[in-house]
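First comes the structure, then the notes that go with it.
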Amino acid sequence: MPAMNDTDVLSQVIERQQTPALQRILIAISSAALVALIVFFAALGVNPTGGVPATGAIVVMITSMTGVAVLRRGRFRMAVVIASSGLVGAVFLVTVIYGYPAAAAFLLVTLIPVILTGLLIETSRLIAVAVASGLIPAFIFFLKPALAPFIAAVRPPADLTIVAVALFLLVLFVITTIIASFGPVLRQALTTALVRGQELERLRDSLEMMVQERTTDLQAALRAVEQREAQLQQALTDLRASQETVRKLSAPVLPVLPGVLVAPLIGAIDEARAEAFVSNVLHAIERERARHVIFDITGVPLVDTQVARMILSAADAAHLLGAKVTLVGIRPEVAQTVVGLGVTLGQIRTFANLQQAISALHDVSSAGVHRQNAPAGMDARLPAARDA
């Protein structure tokens, strides 16, 4: 069984709502056909002349009641088609046999199937019924010569005033029933549509307001996130600055004499502090244009291979920048550790403490100054001799 789409589902719902009205209409058509049957026999007599429209009335009665039976089984469109076909067929029968102008009074009946199909089912069926009803007058002219002997035998009456008036009243009754049955349904449908439209308008306005509020909330949340991100970025910047300050403070490099720097080391030395120490020393040498750097390891509790390699690496880098390195603060146990590790200090001079290193560098610096200031041909050692 093929799956139904939304249009089919809605059509079934509408058909279920229209079923009681259609049932009343079909019963009204059948009742009108019964009345017409009585009128035909009363006005035309029980003879072939009256039998032709009576046969048409019987066809309408049968098809209408068949439509009611089919409708009760849920075949809405089939019921409309059967009833409309019975009406068109009955008019066709009478028109072809009676001919024109006797059959003109019966053409009014074709309005019923047109209105019925137009209100209840799709446009294609309406067009088919309208075309079939419109072709009936054409058959009067095309088939009249062929049916002339039969028409002569039937002898349609010349005066059908009573039949025409009765048919007009019966058609008016059926059309009134159709309008009365579907008028409230249509008004209810229009009212429901208007109410639903107003509800949709309110829902749309409510949805737009909700979307606007949600958008405002999202924008506020986005601004809060942006502010939080800015705060986190600022905190990260401050943290990096603090880390840089701590890094510099963890491995300070201090000028003590012109061209002389002291780089004290205190506490345990890990990889991060070692990198900071080497970086600070090299930057200080470049910045101060230092010629001598004193590494003071008095505060280092343990000198292992990592610390020794760090000192040698810093000394080699300092030599490349043109600075000489002096190592002070080597305690006896540290000296034993360095010897035990097989580390050679190379060009690094050593002193017992910082005072001795500074004094030695001061003496060297003073001697250099005296040699530069001494007159030509004069012994640079003269001031020292006079002091003695």
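First residue shown is number 1, and so on along the chain.
A Cβ is built for glycine as well, from the same backbone N, Cα and C atoms used for every other residue.
Database features, via TrEMBL:
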| type | residues | note |
| --- | --- | --- |
| TRANSMEM | 25-46 | transmembrane segment |
| TRANSMEM | 52-71 | transmembrane segment |
| TRANSMEM | 78-98 | transmembrane segment |
| TRANSMEM | 104-121 | transmembrane segment |
| TRANSMEM | 128-154 | transmembrane segment |
| TRANSMEM | 160-186 | transmembrane segment |
| COILED | 215-245 | coiled coil |
| DOMAIN | 250-361 | domain 'STAS' |
Counting only residues at least 6 beyond its ends, the same-chain positions whose CB falls under 8 A of a CB in the transmembrane segment (160-186) are 17-18, 21-22, 24-25, 28-29, 32, 35-36, 39-40, 43-44, 53, 102, 105-106, 108-109, 111-112, 115-116, 119
Within the same chain, the residues 6 or more beyond the ends of the transmembrane segment (104-121) and with Cβ under 8 Å of it are 18, 22, 25, 29, 53, 56, 76-77, 80-81, 83-85, 87-88, 90-91, 94-95, 98, 129-130, 133, 136-137, 160, 163-164, 167-168, 171, 174-175, 178, 182
Counting only residues at least 6 beyond its ends, the same-chain positions whose CB falls under 8 A of a CB in the transmembrane segment (25-46) are 53-54, 57-58, 60-61, 64-65, 67-68, 71, 79, 83, 87, 112, 116, 157, 162-163, 166-167, 170-171, 173-174, 177-178, 181
DSSP tally for the domain 'STAS' (250-361), helix/strand/coil in that order, comes to 52 helix, 27 strand, 33 coil
